[in-house]
Amino acid sequence: MSFNLGKSLTKLIIASNNDGKIEEFIQLLSGIPLVVMGQPKHLEVEETGVSFAENARIKAIAVAKATGEMALADDSGLSVGSLGGAPGVFSARYANTDLERVSRLLKELEMVDDRSAFFSAALCLASSKGEVLLELDGRCDGIITTTPRGKFGFGYDPIFEVKGTGLTFSEMDSKQKRELSHRGLAVKKLIPSLKKILDS
C-alpha cells in the first residue's frame, strides 16, 4: 500500500501470530495510511484474562511495550449457547489445530438441536508506550452447521453459518466476510477514532 504524505507512515502492530487474523486486519485497515504488520514471531503473550476484552488489553499493552509501536489486539471467539458459552475465551485453545477444534465442536453438538452461536471480537488499541487508547467490540450471530462448508477463512469459519445469509464464513469471499464478521464490525467502529488519533 502506498500513501505519499510527505512523512513516514505510522506502524501498527497486530498483536497476534495468527497469519489468517493478521491478513484480515491488513485488509480491514487498507484504507488508512498505516504500515500494518504482525507482532515479532518470537513474541508470545500469555492470555490470562477471563474475558475477550481483558485478553485483548493484555496483548495490546504487552506488544506495544515490547515493540515500541502502536499495537492493536483482538481477542475473539465463538460462544455456543447450548454449551454454556463454550468454547468462549478458550476458542483458540479448544484443541491443537483448526481441524481438531472444528471436529471437537461438531462432536459435542452431535445430539444437540439448539445450534445457535455467536462470534465476539474485543479490540484494544495501545499507544507505543503501552497506554490503552481505545477498546471496542463486535458481534456476529449465527448457527453451527452439521458439517464444514466452504474453502475460505480459518478457525471455525467452515462451521459458522451467519444469520440471514445461509452461508458459512468459509463460503463467503473476503469482502462479504469483512462486512459481516464480528471483527469487521468492531474495526468499523474503530476506524473513525483511529483516524483522529493519527491526525492528532
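Any Cβ shown, glycine's included, is placed from N, Cα and C.
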Query raised in the report: Out of Ser76, Ser79, Ser103, which is the one Swiss-Prot records at the substrate site of Ser16, Asn17, Asn18, Asp19, Gly20, Lys21, Phe154, Gly155, Tyr156, Asp157, Lys177, His182, Arg183?
Result: Ser76
**Report entry** Pairwise C-alpha maximum, in angstrom, for the residues (Ser16, Asn17, Asn18, Asp19, Gly20, Lys21, Ser76, Phe154, Gly155, Tyr156, Asp157, Lys177, His182, Arg183) that bind substrate according to the record
**Finding:** 21
Requested in this report: Measure from the CA atom of Asp75 (active site, proton acceptor) to the CA atom of Gly155 (substrate binding site) and give the result in Å, rounded to a whole number.
Outcome: 13
Query raised in the report: Of Gly20, Gly155, the binding-site residues given in the record, which has the fewest other CB atoms within 10 A of its CB?
Result: Gly20
Query - CB contacts for Ser16 (substrate binding site) [other CB atoms within 10 A, all chains] - result: 22
